[in-house]
Structure formats: C-alpha cells, structure tokens
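J.: When I checked TrEMBL for this same protein, it listed these features:
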- 11: [2Fe-2S] cluster 1 binding site (BINDING)
- 51, 54, 86, 88: [2Fe-2S] cluster 2 binding site (BINDING)
- 191-198, 281-285, 294, 346, 372: FAD binding site (BINDING)
- 719, 750, 864, 1031: Mo-molybdopterin binding site (BINDING)
- 866: substrate binding site (BINDING)
- 163-350: domain 'FAD-binding PCMH-type' (DOMAIN)
- 1-28: signal peptide (SIGNAL)
C-alpha cells in the first residue's frame, strides 16, 4: 500500500477527521533528546531561523515534501513553502537550506553560492555555512506507517463515526444514502471535508454549528475516473489530488485534449498553499468559495457537468453557474458537452451533488483560458478571477459560442451572458474587442458596497482579462494557420506569460576575520543562532508553550465596537451564566492605577466611562478554558451613546485641529529667500499607509500569583520587561520588587511589544490579583491586529526649489502622522521623522514640520525604522520628481545632492559621509547598474504590455536613542566551580540573535569556548531597570555591559592564571574558589551621550551613522498591475560584524519587510473605524513568491566604528528603508509606460504601491473606459 504524506494547518484540522491516519508533528520529526532530523539541522545551520516561531511550520512543509519526493526539484520546494509565512528572515536562508536537498545541489549549488570575503589584506572564498557538516538524508531511517493502522484500513469494515463534544456532534457517514438521510434530518448542518471554509468561520467569526457532517470517508465522493471522453473527480477529493490527476493527464494525453486541464491547473497552482490544497475538497471549494472562487469561473466556462443527488434521486445537470439562493439551485446551461463535474457535493438545501466530470476534448477552433489577480501571487484569494472559452465556426475566426465568467465581481460567480450572446457571429478582431469590452462592463455590475474598496480596479481587470484572452486566441489562431492569421505583434507576446515563482539565487559578501585571530574566538564568524536547533525541533519555549499551572484561568478581552462613544451600560449577566466562566474583570477591579499619564493624554487599561476607538478593552472574561472565555466574551452586552466628533483620518484631524503636543519643527538656512532664487519649484504630497507588525507570536502573557507578599511571576512576550514590571506594579498598587518579569524569547516584535504589552500584562495581572489564580492571556491574530495598532499612516506635503542642473536649494515639508487615540510613541516618531528626513542629502535651506494627529483609531506605536521609512520615502519621492522635471536620471540627482565631505546635518550634528559614498559606488559596481539599465531600456522597447524598471537608492541611518539613560545596560555573569558560565543581561531575544552575540562576546573576553556559556532568560530579578530592546541598540549597549562583567572577572582571575599559566580554565576556576575569589560579577554601561534642543533646533541626538545602498530591478504587467521582483543588490556599512550570518539575515529580513510596507501591505478600515484586515486572509505580508529572484547582500569592508563594541554597528532597523528601492523601480517602469503612451509626466504614487495603483497608473483604453482618466481618487489611506 502506498502512503502519501500531507502537510496541513493544525489550527484548522479537526481531530475527528484524523481517524485512521498517522499524525507526525515537529516533535516527532526529531528532537535534541532523540535525534535531530536533517531538515531541522540544515534549517538551523543555514541560519533559516531568527525568532523561531515560524520554524516548526517550515520544517513540516519541507519534511512532508521530502517524504514524498526525497530529491525534489526547485519548483516543488518553492511550492511546498508557498503556504508558509516568515516575518524575520526574508526567506533567503530558509531557501538555502531547502536547496541542499534538491537534485541540483552539487555543482549548480556550488556555482550559485560562492561567497567572496574581504579582509584588510586578502580575499578568500567561504560561506555562511558548510554543507560538509550536514548529516545525509536517508529515507530508510524515517518512521514507517503504523502497521496497526494499515491492518485497520485493510481489514476493518467501514462504519459511521459519531463524536460528541460539549456543544457539538461530528458525524462521519460511509455511504451516500446515509449522507442524504443525514442532510434531510439536519438541513442546516454543514458538510466538512477539509474544514478550510467552515473552520475559519467557527474559529474566527463566532459561527457555531451544533452538528457537523463529514462525508470524506464515502467512497462515492472520492472517485477518480479517467474515461475516453474525460475525467470524473469526486467532490471530496482534495485539490492536491485533483492537481496531481490533471498533471498526469496532461503528460499522458495529446495536447489538444488537455487545454481545459491546463487552465484549471493554472488556477490550482496558486490557490492557497500546499497545506490548504492538501485538505480542501473540490466540492467544498466550489460551494463555499462561490464569491471569490478561482475554480468556478473556469469550470463554468469549460461547460463542466455537475451531478446532483437528493433522497431517492440523482439528477445530472449541465451547469455552468451554480448560484445558491433561497435554497434553490439555479443553473445556466451553455452548449458543449465537455465538462468538469464535482462528485457529490451537498448544497444548502437537500441536494447532494453527485459528480464532477472534467471532460478533456475541446473541438477544433475552441479555446479556453483562466485568469486571476490577487493581493499576493500565491496563497491569496483573488481580487478577480475569470474563465473564458470561445468556439469558432469551422475554419474561421467567426464566433459560434462564447463563455465569459468572473469570480470576485459579485456574491457568486457571474456570467456575461448577454454580451456573449450579442457577440456570436462577430469576427475575432479589434472591432469585436472594443464592443465586447463595453458590453461586459455594462453587464457585470459590481456592488458599490464592496468592503475592499477596489471597484474601479476590478472593472479594469474584468476588461483587461478579456483583452488578454483576445491576444491568446489571436496567437493560437496564428499557430493554426499563420498565413491567414497574423497573430499579435511581437512586443505583445510577453504579456501572455504569467509571472512564476523561481528559486532565488543569492550571494553574501562579508569581511573575514584576521588570520591571527584565535580559532576559538567566535567574534566575526557566522555562528548559528544559539536556539536555532530548538526552534527547528519545536523545543524552544514561548509563552503559550509554558505548561499550564494548577487552577489556571484563560482570559478573553471584550473590546469596543464604537470609535467614540459613552458607555451607557455593560451587561455581563448572560456571560456569567456560560459554562466554565469564573469572573469578569472591569476597570472597577483595578486596585490602583487604571490610567497612566505619561503625557497629557492617558494610556488606559480598561475603558471606564467612554471608549475612544474600536478595539479598546472594556472588560475581560476569565474562564477555565480559552474556548469558554471566548464564548462568554461574545455574550457581554455593551450599550453606547454616540459622541462627536469621530476622527479617523489625518484629514479629519487637520480639519478638527486634533493633535498631540508638542508639534515639532526644524529649520536651516533661509528657506523663503532660497525659493526666490531657484529655477524651478515643485509641490506635491504623498500618502503612506500604515503597517501591521504581524509578529508571528501574538501578544502573550502568563501571570502566576506566588501566594504571599503580593508577589507575582509575569511571563510575557515583550521588548521591555522593566516597563512591564513598572506598569503591573502600578496597576496593582504594590512595589516593583513584588513583580518578577521573565522573558525567555519573543516570537517577533518589531517595536510592537512595548506599551501595548504593558497594558495587556496589566489586564492579566488585575485578573490574577482578583481571582488569586494564574491567568493566561494569548491574543488571537484578529484581536491582536484590532487592539494593538502598528506603523503610523503618514502624509508628507512638500515644496522643493531646485536649479536646472538638478541641485536642490530649498525644501519646505510638513509631515502628518496618524497617532491614534492615545499618545503612545507618536510624538517621538514625529521627531525622528524630522531628524532623519534628509536621508543621504545635503539640503542647504530646509524647513520641516511634524504633527502627530489624535484620532479615534487604536494608537499606533513604534515599528522598525521608527518614522524614517515614511519621511525617507517622502524625500526620495521629491528627489525623483526633481529628476523628472529636469530631465536628468534619478541617480544623477541623487549623486549630485548627496553628502560628500565632512558635513553637518540640518540639526548641526557632524557626519563623515565617506562610507556613504563607498556604499553607493560599490552598489553601482556590484549591481552593474548602467549596463542593466541599458538592457532594461532595450527590453522596454521590445515589450509593450510588460515593462522593467530599475532604481538605486542610498541611505544614511543615524543610530541613537536620544538620551543617555535610554541606552544604559547591565549584565550579570556567574562562573560555577565546574567551569561553566551563566550569562544574563537586559537585552531581549526577538530573533535578532542578541543572546548568540552576547555569548560570542563573553567567549572572547573570557577566552573560553562558547559551549561553556549558557544564557537562561532575561528577568527583572537578575538585571533590574533594564532599558528596552529597541532602536537596534541591544548588542551595542548590552555587549558593553557583558564585556565589562567579563573583564571584571578576568581581572580577579589574572593572578591565579599568572601563577599557573599552563593550567586550563577549570583549574583556574577551582583554584579561585579555593582562594575565596568571587566568581560572580555585574557589568554596566552608562549609555551614549546624546542631546537634542528642539527650541534651538540643534543637538547631538545620535551616536553614529550606518550607511547603505540598494539597487532593485522589477518587471510589471501593465494589464494587471502585477509585478515581479527580479533582482536586488544591497551594500551595507555595519562596521565590523560580530556575526555575519545573523547580520546579513537581519538586513534581508528588514528589506523584505520594507517590500511589504512599500508595495503590498494594506490596512483597510470601515467608515466607522472598524479594521477590516484582521488576519492573513485579508492582510498580506511578503511570502516566498515576493522576494527577488536574485538577492545579493554585501557588507562594506574595512569599516570601523569607535563607538560600539568591537567596531560593530546596530543594524536591525536600517535595512527596512532600502525596500523603497523596489517602490522606485516600479515607478521607473510606470514612467516608461506613461512616456511611451504620451502621458503627462507629473503623476503621484502612494504607498503601498499595490497592483491596483500600478494598473491605474498604466493608463490605456481600458482604464479610460472605467475611470475616464488617470487621477481618479482611488487611493486614500487612513
């Protein structure tokens, strides 16, 4: 018996559905206690793990593929990871690990991965990892399928399974008749096969089904038949199985018989990820995804047959559109007999569909295609999908039959039936195209209430897809009879090819250590993350992995549904009646501080009398399980009275003069006078959308009362345990010394686990204090996104004066950021946006203002880059516009205005831009910028509907926290008598490898191997008053403290070492103990000097500067707005890297996060202030398909930094801004399109530069049909 392995999402997979199956989790793959599997080892040693929270999922996807295909292709490997997300790494090191298993892993792999290292005096080849160290993959050593399950499958007769839960029942029948009886008896019970439709509704949207029917074990529903006239596929067959069946049929059958197979397979490749396709059924997809189905349009266009069965009868339907409304089945039948029919799908009434048959033959002169456009190329529901088929009269291009279907345009798949009927008899030419486009637009009516706000874009896609089908058919006609049909112009041909995900190639260049450095000294070497193996085996402990405490309660928060309202009443009576509910916590239960006045406006734990945003916490339900707490929370009734005004956008705030104080201003030179002397002045504005942190581990806290003296242990996912300690102590009214905060590691943070983590820890602590029980609060993804806020939406308004030669003489800018309902860090973000706005450019006359807007949204907060990614984008936008106005290239304008010599910034801090220039020049050289630009120009001349663009962007990133006290740090080092060392410090492991680097520092200072040193946790009990791990400063400041502690210890040991120089570490430690020498020491770093006088507009707020340059190349599809990131080259000055593997990973991860900010990630709010994008279904972060096909990172050699430990630099944040090189490469491609089409040069592009904006900017006849002209107000950001 052949066993196949399937990866699946555990959060959606019902345990009841696993009867008879063998389940392997990451713990079963391998562990440090048994053996580490090669997948786990290679992921860790290739540095494919940073925060580690996503790593077990990566392991399972790769492991599953290798069980089915021990030597997979690159294509199989990238497909296997399409359903996985990582927010830290940028995917490159994960894919490096994957490549080592692929068929081409020998010579090709070596060719791809040769790394060049620069030293001060020599170069040599090396890598970030050594494949020679890897254990081989041996399929014979894997677990076998359990024999008892095999015997059960072969011998045990199938019987109906019934599972009873507390509130629901799961019924799994084994015959179709029984299924029909069950459906008749329970007409509202859903059918569940893969649970990918019903599951999310129940888990995330509060839908409850007391009875669920699971028909997956019915043989009739799992039929796959290949007949002479086509295929029959059962409705319970998974999409993965369907994909395999179609692929095999394509290989075995003649090409003319498999055109519809190609079309369906094209949609299946990007429908969900492998984990979804492995469990999702064909029938379930067709029924439950009717509004945004990828398959329904192409199945309908292909005249697919749908057999339905109900009690006592089975009825075959030739159905092209299946609309389920008011318990009736409505179908529209169109001509051809060839069809794909689902096998036994239950509709919402008493019907069960009996079979789908995908029949293969298309007659001569018949053509079929499928199309889709989604927010992300893979694993995303389509914005619009389409299926189209045309049949010509024999030997002509005269339309005999035409089918056009769209998904995503309405509540179900829709057919342009009238347009198709009108076009019958027309010839396939441009006159028909124009008529068809107008007919389709008139017939397909999109509802104005579309929540995604993409109505005009959808209309453009609707006609653009038909045009692409028009071109495909023309080209096919040419293939059939080239003498009669000329086909399409050569420059149109490339648009017929869809962008494909390819295995990225990459090079990493970094500085080698000196030959004189001791082999034991790890500093400067690419050391594996200390928790990397534990990440990969699932043994790394996060908050929700901590074992439950006796009597533990689970908390679910109740949040406001109004943006600005008075709380009239809170009725908890129904919630308290729910099973398992222990208590409900409100503001009245806070013993001391409920409102923290860090500025004029307070930060609030529980809303008391009014709410000021949707998502504000009103109360919390404590129950004996998370499910019970969540069910009860839904029963809490809050009555509101509306308050005015409701301020949601920056424009609203400006209108109502609603700001947080103080507003900030910086000025240099005489701006007004300079504007009088310049040759040109341009004015404009850019809107930049917000960004969700989307850390993999949501906000999490476990509070355990210790039973005496009001002591509490607080285990929390935070960047700042001392702040958590302070807030919890204040809310409970106890001294801080009673609150012990512990942080082992954090599953990603990016600035999002500071103040909000403190408020949530206070919520849990108040609950623990009231109930005297341990309390666990783990936010769901939806609640996390709703409650916590993210990066500040931003509007930059600019006025720029410049000369004919491109020299910029005067700039006047105003920045408005949407701070939300409380101050949080908004004023500080506004200040940083001013201090860093010059980026790499000397602006002799400059005036800039920044205002933090007070609105009725959840307060926005710190996020990687902290204001610079927004203000830097504004600066690069007007730099680009100056280039367009002067007719110069953007890189020339950048070079001309760049800092060149020892200069002063606009706030009078000195800087030496030597390394800025070096980064720029090296990136120009390594990227072969000018030769590629020439090649791109040639490509663009030869391609009309696809264009390439390239951009190179420099960066100056100041490092510093603004005040000395914010950068102080401490460490504690113990040496035990066996010679082992326990190290702790105030930094938090967020995925940036700080603990690994601190062990490297201690190893060097104590001159002992890293294996002697252990880091346990960060705790307020060992290092008090530690500063937050923010601003890329963790290694800088904690490294100094660790070094100080180690040097103190070494100083004590030195006399003993001098007495016995030939002894070893253990001898010296034993002797020190016997001589009563203290083997414990604290280390301390006072912090960096920093000051800023905002009244004078000058100061020294930063310690040093990082520099970098990124060059990116993209290709856009002008018909859809889709784009592909082709190549990125980054050169970064980070001083002397302590750990090149970690540092390059940080640069890549930040860059990919920047791609998300500038091109993909959209937050959508309702007019009432409700966040629509509350999970991975609606909010798309970059995936494997979004990283550049060629991704090269070079660390600048011979760079010294006297201010930081071992001449390193803090780099975690800096790389994010370089993601805007993709934004400007896209702008370059769009500019080419517009120039070619004779459009005016001035045009605005906002961020994120999504496919919607790209398509609208590429104005053509189709956009004019929809929006009349370029400039429609499509893109508004909150």
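Including glycine, each Cβ sits where the backbone N, Cα and C put it.
Keep in mind that TrEMBL annotations are predicted by a computer and have not been checked by a curator.
Distances, neighbours, how buried they are, the whole picture for these features please.
T.: Around residue 11 ([2Fe-2S] cluster 1 binding site), taking its Cβ as the centre, 11 other Cβ atoms fall within 10 Å, counting all chains.
Spatially close to residue 54 ([2Fe-2S] cluster 2 binding site) yet at least six residues away along the chain are 84, 85, 86, 87, 88, 696, judged by Cβ distances under 8 angstroms.
Taking the Cβ of residue 285 (FAD binding site) as reference, residues of its chain lying under 8 Å away and at least six apart in sequence are, in sequence order, 197, 239, 271, 293, 294, 295.
When Cβ atoms from all protein chains are considered, those within 10 Å of residue 1031 (Mo-molybdopterin binding site) total 24, not counting its own.
Residues 56, 59-61, 63-65, 67-68, 80, 83, 143, 145-146, 149-150, 152-154, 161, 163, 170, 172, 192, 194-196, 199-200, 203, 212, 214, 216, 240, 274-276, 278-279, 536-539 of the same chain, all 6+ positions outside the signal peptide (1-28), place their C-beta atoms under 8 angstroms from a C-beta of that stretch.
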J.: Please give the greatest C-alpha separation between any two of the Mo-molybdopterin-binding residues 719, 750, 864, 1031, in angstrom, as a whole number.
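T.: Answer in Å: the longest Cα-Cα distance is 13.
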J.: I need the nearest neighbour of residue 1031 (Mo-molybdopterin binding site) among the binding-site residues 11, 191, 193, using C-alpha distances.
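T.: Spatially nearest to residue 1031 (Mo-molybdopterin binding site) by Cα position is 11.
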J.: Residues with Cβ closer than 8 Å to the Cβ of residue 866 (substrate binding site), same chain and 6+ apart in sequence?
T.: 751, 825, 828, 829, 832, 1031, 1213
J.: Excluding 51, 54, 86, 88 themselves, which residues in that chain have a Cβ inside 8 Å of the centre of the Cβ atoms defining the [2Fe-2S] cluster 2 site?
T.: 49, 50, 52, 53, 55, 87, 89, 696, 747, 748, 991, 1149
J.: Around the Mo-molybdopterin site formed by 719, 750, 864, 1031, which additional residues qualify by having Cβ within 8 Å of the site's Cβ center?
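T.: So the extra residues in range turn out to be 749, 751, 752, 862, 863, 866, 990, 1029, 1030, 1032, 1212, 1213.
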J.: Average the pLDDT scores across the domain 'FAD-binding PCMH-type' (163-350) and report the rounded value.
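T.: In the predicted model, the domain 'FAD-binding PCMH-type' (163-350) has a mean pLDDT of 78.
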J.: Counting all other Cβ atoms within 10 Å across every protein chain shown, which of the binding-site residues 88, 193 scores highest?
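T.: Sorting the candidates by Cβ neighbours within 10 Å, the top entry is 88.
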J.: Among the binding-site residues 195, 197, 281, which residue has the fewest other Cβ atoms within 10 Å of its own Cβ?
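T.: Output over binding-site residues 195, 197, 281: least Cβ neighbours within 10 Å is 197.
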J.: Are there any residues at least 6 positions away along the chain from residue 864 (Mo-molybdopterin binding site) with a Cβ closer than 8 Å to its Cβ? List them or say none.
T.: 750, 751, 1150, 1153, 1212, 1213, 1216
J.: Check the Cα-Cα distances from residue 51 ([2Fe-2S] cluster 2 binding site) to the binding-site residues 191, 193, 195, 281, 719 and tell me which is shortest.
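T.: It is 719, whose Cα lies nearest.
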